[in-house]
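Have a look at the structure below before the remarks.
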Amino acid sequence: MSASVEQPPQGAPALRLHRQLVKIWATGPGWQRLAAVNHSVIGLRMVITSFVFFAIGGILGMLTRVQLATPNGDFMDAETYNQVFTMHGSMMLFLFAIPMVESFAVYLTPKILGTRDFAFPRLTAYGYWCYLLGGTILTVSLIARVAPDSGWFMYTPLSSNVYTPGVNADVWLLGVTFVEISALSLAMEIVVSVLKMRAPGMSLDRMPIFGWYILVTAMMMIVAFPPLILGSILLEIERAFGLPFFDPTRGGSALLWQHLFWLFGHPDVYIIFLPMAGALSTMIPVFANRPLVGYRAIVVAIIALAFLSFGIWVHHMFTVGIPHLALAFFSAGSAIVAVPTAVQFFAWLATLAHGKPRWDLPMLYIFGFFFVFTAGGLTGVMLAIVPFDWQAHDTYFIVAHMHYVVAGALAFPMMAGFYYWLPLLTGRTAAYRLAVPAFWLIFIGFNLTFFMMHLTGLLGMPRRVFTYNGDEGWDWLNLLSSVGSFVMTIGFGMAVIDIIVQLRFGRRVRRNPWNATTLEWAMPMPPAPYAFASIPRLGPGKEQAAPGQLALSLARGEGYLGFARNGWQETLGVHMTSGEPDQVIVLPQPTYLPLVTALFTGAAVLAMLFKLYLLSLAMALVTIGLFVLAGQRAGLGRDYGPLPIGHGASVPPHTEVASAPPWLALICVLVADGTLFTSLVFGTFYLWIAAPHWPANLAPEASRVLALGVIVALVIAAVAARGSLRATSAGARAQGWIGLAVIALLAAIAAAVGLIGSVTPHPHQHALGATAAALIGFVALHAGIGLLFLISNLLRIHAGFISPRRLTDLRLSRLWLDYTTVTGIIALGLVLALPALVATLGARP
Amino acid sequence: MVVAGLMAALCGCSGPLSTLDPSGPSAASIALLWWVMLAGAGVLFALVLTLFLLVVLRPGWGSRLPSSRWIVLGGLALPAVILLPLICYGLLAGERLLPLPGHSPPRIEAVARQWVWTFRYPDRGNVATTNVLHLPAGTPVDIDVSSEDVIHAFWVPRLAGKIDAVPGQVNHLRIQADTPGRYEGQCNEFCGVGHARMHFVVIVDRPADYPAALAAAAATTKAEP
Amino acid sequence: MNGRAVPPRRLWLLAAGFLVWCSALVVLYALHAIGCAFGWQAGALRWSLAIVLFVHLIVIAWMWRHLATARPEPKLGQAAVFLQTVVVWTLIAALVATVITFAPSLVLKTCI
């Protein structure tokens, strides 16, 4: 797809520049496509892949509607139905919704922000392959009839190995975690890219609103996924190795899983909604012919929404027996989360009211969004009210609400976005005679299917039943829902045909067909692999050249970096707030490494699935080795000093500045990891206060000497890392310091392993021992990763990638070891405090 | 109560498991809450959609109102006026449905396991019934809900909201049936392949008939192993 | 050029108000659970919840006062003014959210 690039319109300089840049940036033909790292290529692949999973998930949804169309349906038995509805939910959420919004982010963000690519192209590719492989594992399990069948929410103890002994639940835990790794890595890269890689002059207050939405969403993902990843790891450990965390008979708690799951699950709804709201905030001003109203109000609203969405997870748990006063926090929170959404709605309405709106296809879908999402939001407020939820919880009323919210938030803006941005990709426009009826079929079919379910639920139909008797008064409602689902499917089918027709036969349109003001239209259609032949500068005032004119000037190389240098894939890094260029970022070339790494990661997952634990460990080690290998090629082999970037300005390459992308990326990693650690610590306290069978008859104990040893070793490693940094920046040798740190870490790991062995009660016996082992295991794992940092440092010092001016590597190691030491002290402190904590439980009435 | 019953009759919302056809104070209170919220939601929905169509189809219609006013009135004032009273109403209504101490009604234990309900009556010589729950009419009863294996949920839609049966803990639900008769209950939390068929029957007897009816039911339960 | 830009560190302020809200949620939820588990007297539990809530409110209010009165340095340009406005409004939003979300802890029955 990258080879078919439109000829730049202007004469010799533009054409010459185009040829030079394509040679550097293009993905090769044939098999070399597998080595692609370009965001346009990967973004497009993600769109298509997630749409394929949408189709599969949609078919599964249709199957459930066939089964439920009539009472006592015998189309499927309960076992099959359970797999089908579990996979419908899991696919739609994990394989369609999240990747779809991410694919929008991947494809569009660099273009809208005026940069050439993302900060870590190889990570983009790795994320994509992980997603594809994880999705494939889940799909294959469905064909093999061993698909997950405990619901997409996987409530324990139903999903534990006692009640789901087969491989089904493991497929979910491993497959979904695999896909989440991809989501998480993309989220980190999005945060770094939005903060550091924008067009010069694009200060935060002038960033297109889409950038704010994507930035906030990516930050939410960094914090939302770790609790679920932790939950999945703990549940998999319980299933595979018998350590109890959720087993109520051995001091675990069934509800701990629900807390971890919904701590992810609720923000996830907003993770899906926000990027789409960003697309709406981009499209609505274009169709209103005026700038967006209330830019600052919207930024405040999305920050508020991001936080509030984390504080309302318990509204999925109103019926589990939590005291009413505690429910009240979450009830009030769930109600007021509607306020930031209302602010956005009325900002959009005001934009339309103060502009000169025109109708076009995207506006039709935007109307669909307003209709569907308003209804879903209103039922959401109803469900926030505790007593009503006691009746409506886990009935078809929730199914209706959830589809109105998720489909309203995702499907309608997604279709609007497709029709809005496809001309950028194809240079053509849709066939209206097909597209308009398709919309009405989707819209009517959707409302017929899901509106009925409100009433079905109020009449008492529970979710997740594979059949019903027919005397409950539900049959006509279910039949209508099933008919509606077929109408909707026909509509989606027509929309797909329309899009395919558009690719081949659509009417050609001029550049910037919608008169948009964002930068993605200031480039050739379809976009070239380098995106911008030269990087635009935003002028000081509000006024800005129309993207159409700007495109010509950029193609002639009149912006920044309008040249090819050293065969480097160059783009600009800017100061986070002011948007002034502060570094040249040299991006890596296409490589098979992401694919190979993802394949080994997948092999580790599969080996785990087939209970070949040693093989899995080996594959995981190879994966880690490949990551270290990937690190070997990063950066530049010597000092360059400031490099000219055009317009008389010079900035150093990213290897020689403090705020380089890897530094920010590590901060993101630590935020994610810190969330996981915090979840583990809170999980321990939760079990202490809430789990049955505490206190155990067995007094917990761990060797104090070993614990102290671990802490001392970690502190030595952290100090040695500081020493290596100081030595290198002074021009001295750092290998001695690094060697000391390696020895200290090895000692820490050995002591930690010994400590796990000394824990009583035995981790198999009681959750007390299991959580202690998990906490110590966390420390050992992080010390192990610290070793990798140090090994990479040694190799890269040897290869000449580290110099007094290029210190990023050593700073990364120092930060990692500091983090490991701090979390280590907390974790081991908690382990040592467990006996005292358990003793206090005796004071309970 | 009267309003809720009337609405149920009007919309044809009756049914053996209908939350809109309440037969106890708890379900009636929630049904009333629903009708109030439905009315409010209907008005709001119409308002937003009308505004959208007006601003799009009649350009310039809303431009006299400054844009900041749009956001403050629609995005802040409107939700504040509606949400704050709703939250207060919801929390107070919820608190009145709780099994508050001070008034200790008879207790019945409901124990779930895949895919059977067992009901024990500690106040009645600890007899037990399976998949049939006997309640006296017109008086509150506290149900102590627990589970022996996975999570289930105890739900009699015409009498009250639901509560989960979580292994390792006991949850309490106060329930009251106003009129004698036969009601239906079901498991409302996905619990495996038998989930769809995990129903139970609630027989509400006149207080005078209750001991005899329960004893008879308990005797038949014992007969079945 | 970096001397005339808002330091990136200040971006954390965008999260400050709601981080306090998060802290209030975590502390109040945990305190309530512990109080109920250990059978504290209703009055004692109520007072400790109220004190925690008020401490959080005071922290947000203090940040609001502190930041709302600080004039953004003109040499930092529009971005500084923008950040200042957004931060102040997130603080106000967080203050209101804290009041609405946690006020029920002052009124409702404690451990049912």
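Using the three backbone atoms N, Cα and C, a Cβ is placed for every residue, glycine included.
The domain 'Cytochrome oxidase subunit I profile' annotation in TrEMBL covers A:25-539.
Taken from TrEMBL, the feature domain 'Heme-copper oxidase subunit III family profile' applies to A:581-836.
The transmembrane segment annotation in TrEMBL covers A:42-64 (among others).
Taken from TrEMBL, the feature transmembrane segment covers A:84-108 (among others).
Feature annotation from TrEMBL assigns transmembrane segment to A:171-192 (among others).
Sequence-distant contacts of the transmembrane segment (A:269-288) (same chain, six or more residues past either end, CB-CB distance under 8 Å): 97-98, 101-102, 104-105, 112, 208-210, 212-214, 216-217, 220-221, 224, 298, 302, 305-306, 309, 344, 347-348, 351-352, 354-360, 362-363, 366, 369, 405-406, 409-410, 413-414, 416-417, 420, 514-518. Taken from TrEMBL, the feature transmembrane segment covers A:269-288 (among others).
Positions annotated as transmembrane segment by TrEMBL: A:295-314 (among others). Below 8 angstroms of C-beta separation, residues 209, 212-213, 216-217, 219-220, 223-224, 259, 262-263, 265-267, 269-270, 274, 277, 281, 322, 326-327, 329-330, 333-334, 336-337, 339-341, 343-344, 347, 384 of the same chain, each at least six residues beyond the ends of the transmembrane segment (A:295-314), sit close to that stretch.
What TrEMBL records for A:398-422 (among others) is transmembrane segment. Counting only same-chain residues 6+ beyond the ends of the transmembrane segment (A:398-422), those with a CB under 8 A from a CB of the stretch are 92, 97, 100-101, 104, 108, 269, 272-273, 276-277, 279-280, 283, 286, 361-366, 368-369, 372-373, 375-377, 379-380, 383, 392, 428, 430, 435, 439, 442, 446, 449-454, 456-457, 463, 495, 499, 502, 514, 520.
Residues or ranges marked as transmembrane segment by TrEMBL: A:476-501 (among others).
Nonlocal intrachain contacts for the transmembrane segment (A:584-606), taken as residues 6+ away from its ends with a CB within less than 8 angstroms of a stretch CB, comprise 27-28, 32, 34-38, 116-117, 119, 121-123, 125-126, 128-130, 133-134, 137, 174-175, 178, 181, 196-197, 561, 568-573, 616-617, 619-620, 622-623, 626-627, 629-630, 633-634, 636, 643, 645, 651-655, 661. Under the heading transmembrane segment, TrEMBL lists A:584-606 (among others).
TrEMBL lists A:612-630 (among others) with the feature transmembrane segment. Same-chain residues lying 6+ beyond the ends of the transmembrane segment (A:612-630) with a Cβ under 8 Å from its Cβ atoms: 122, 240, 593, 596-597, 600-601, 603-605, 788, 791-792, 795.
Annotation source TrEMBL lists transmembrane segment at A:663-689 (among others).
Marked as transmembrane segment by TrEMBL: A:705-725 (among others).
Panel annotation: around the transmembrane segment (A:737-760), residues 698-703, 706-707, 709-710, 713-714, 716-717, 720-721, 723-724, 727, 769, 772-773, 776-777, 779-780, 783-784, 786-787, 790-791, 793-794, 797, 813, 817, 824, 828, 831 of the same chain, lying at least six beyond its termini, place a Cβ under 8 Å from a Cβ of the stretch. TrEMBL lists A:737-760 (among others) with the feature transmembrane segment.
Tertiary proximity for the transmembrane segment (A:705-725) is limited to same-chain residues at least six positions away from its ends with a CB under 8 Å from its CB atoms, namely 734, 737-738, 740-741, 744-745, 747-748, 751-752, 754-755, 758, 776, 779, 783, 786, 790, 793, 807, 810-811, 813-814, 817-818, 820-821, 824-825, 828, 831-832. With a cut-off of 8 Å on Cβ pairs spaced 6 or more residues apart, the transmembrane segment (A:171-192) and the transmembrane segment (A:476-501) reach fewer than 3 such pairs and are scored as not touching. Within the same chain, residues 39-40, 42-44, 46-47, 49-51, 53-54, 56-57, 60-61, 63-64, 76, 118, 124, 131, 134-135, 138, 142, 147-153, 172, 176, 179-180, 182-183, 186-187, 190, 210, 214, 217-218, 268, 271-272, 275-276, 279, 406, 410, 414, 417, 421, 464, 520 sit at least 6 positions outside the transmembrane segment (A:84-108) and bring their C-beta atoms closer than 8 Å to a C-beta of that stretch. When Cβ-Cβ distances below 8 Å are used as the criterion, the transmembrane segment (A:476-501) is approached by residues 58, 61-62, 65-66, 68-71, 415, 418, 422, 430-431, 434-435, 437-450, 452-453, 455-456, 459, 461, 468 of the same chain, each at least six residues removed from its ends.
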